[in-house]
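> Dropping the structure in here first, questions after.
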């Protein structure tokens, strides 16, 4: 066996995540590991919770990071809130809406689909009609920022409609958190999950989640056990929250170093300010969009529904998808994303997420694409 | 809000994990993040699989790291292999056997318990009797190295008995992998899971798993979907294994940097040699045991059933558990573990895992304990 230490090059990450990671966050990642029940670590977790509450714009006490990627965060929300036999309205306008449906069905509940167009926002009128036709529904689930298509849905309006029908709301904010406006409390979001490796620009592997008091009440009122022991929030809460006078219960060994990195990346976001971060993403998106138009590259999503942090564009006719992406990677260490699901082979996804959303990345991407398309 | 960057001290980690992490592994952790579908990353994953096969002593093609802690690795084994209505014999001799039972029950299967003594190895005769009484059982599950009590069970014998009754074997090797002899293929283990933060001395957050061809066949023959989308190995295998001519399917975003660290820690183990690592753990354990005897501290587990890497000892009479552990942490930056489950408040667990199993740690621990008990 001739395996040696792995030495990755420095790539510029402009795909659908992971995004570029700042030197401070990488440095935080490799600080000395301490125990997951060390008082200093518990103190760090308390700060992390405060920082997550800021990023989510929530006062929710149950706000934490699931010790696994965003898809585990999604599963955490569904398996804890929804019990077998209950009905969930799932709005699908891309890959991740489909995954929500899978989650609902695998826990023995019923998914009623609001079938939206890929590349468009979820249609509020369609949701309203579906809710009227399904008074038995207890939940509305949708993806705020569809990473597979680059479409941004109007979470505030969708949640308001759900609330008119007394539904709890479950929102996928994997790609939206930190990149576009998101206000968990103001918008009446009951359960939300995100990912560490998108606009937070932390390493992949963690999923921030938050549950409203109504969601916590629903979880506590369960008559069945959560089917996943690992994701059971009634157990995890005892580790993240103070119980019995400050004693933390051991549930599983927290990913200590990754949480250091998340703490640092959220601190960066706090220091920049959420509104400033949202504006930076919007500004860089505009610069990129202008340059792409000059190259004759067209967006999939109509302008008013576009995500600034995830630019899904059609591959120009006659251009070989894989050749171009390999060229960008090999010649310029630049990663852009392939199409996913219905857009596989037809689209590129150019990310401007977190630390990747900066002038030099936009310039490099446009100049490199220009050469690649020659 | 007055939160600043978190700066943990360098602790000496002699609890039940995380263990000390070598400087090379921490350095690998913070190497530049690249995409989870980057060809260079895929190459690194192939090496990682080879290194894991070495550590597990297996040729199993389905050998990989679950993107979450050991408890998710446990759940991965149970929810993929076991279908609702099936019967699993679960040997319980500590906290983690109980957790196995929870896993079996939460997926709608039946757990038949072999009720063992805490602090002792699983009794092969008891397992045999149970299997004779339960011919409907399809699986035998047990913990190789019980982290809660420090007992080592005879995995080879237990698996041989299970095989006599045509059962598949599911083994918890969270604390054993890299610390004591473990031979997946020779011992006929069908599904095994471990943790990154014990004797591999990697950061917490990953769970190496491996499935035998018989286990893979069982998974493929399922008539029901795996209840967890995130842990569904039929989907994950498409990411870790070559399918359709080398194309990797996206399942979830892999924890890129943590996998760098696992690669490096497994490379360290390979370069040292498994047998040498086992011997080092045994040698350091002997030195520690001699010193503890001089301090009048008694082991929970009989000598022949002791884990070298996890030394569970009774707290001497009249000594305050929390005071001593706080003193060690505050005065010497030394972490030892508290008792768990039935041993909470009655025992300490002194870890000698991976990079922590070295002369200087044994000396520090004995000298510091001596001062603490004065």
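Cβ atoms are placed via backbone N, Cα and C, with glycine included.
TrEMBL feature annotations, pasted as is:
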BINDING   A:349  substrate binding site
DOMAIN    A:41-340  domain 'Aminotransferase class V'
MOD_RES   A:198  N6-(pyridoxal phosphate)lysine
> Among all protein chains shown, how many Cβ atoms are found within 10 Å of the Cβ of residue A:198 (N6-(pyridoxal phosphate)lysine), not counting that one?
30
> Measuring Cα to Cα, how far is residue A:349 (substrate binding site) from residue A:198 (N6-(pyridoxal phosphate)lysine) in Å?
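That comes out at 13 Å between the alpha carbons.
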> Taking 10 A as the limit, how many CB atoms besides its own sit near the CB of residue A:349 (substrate binding site)?
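Neighbour count, Cβ to Cβ under the 10 Å cut-off: 24.
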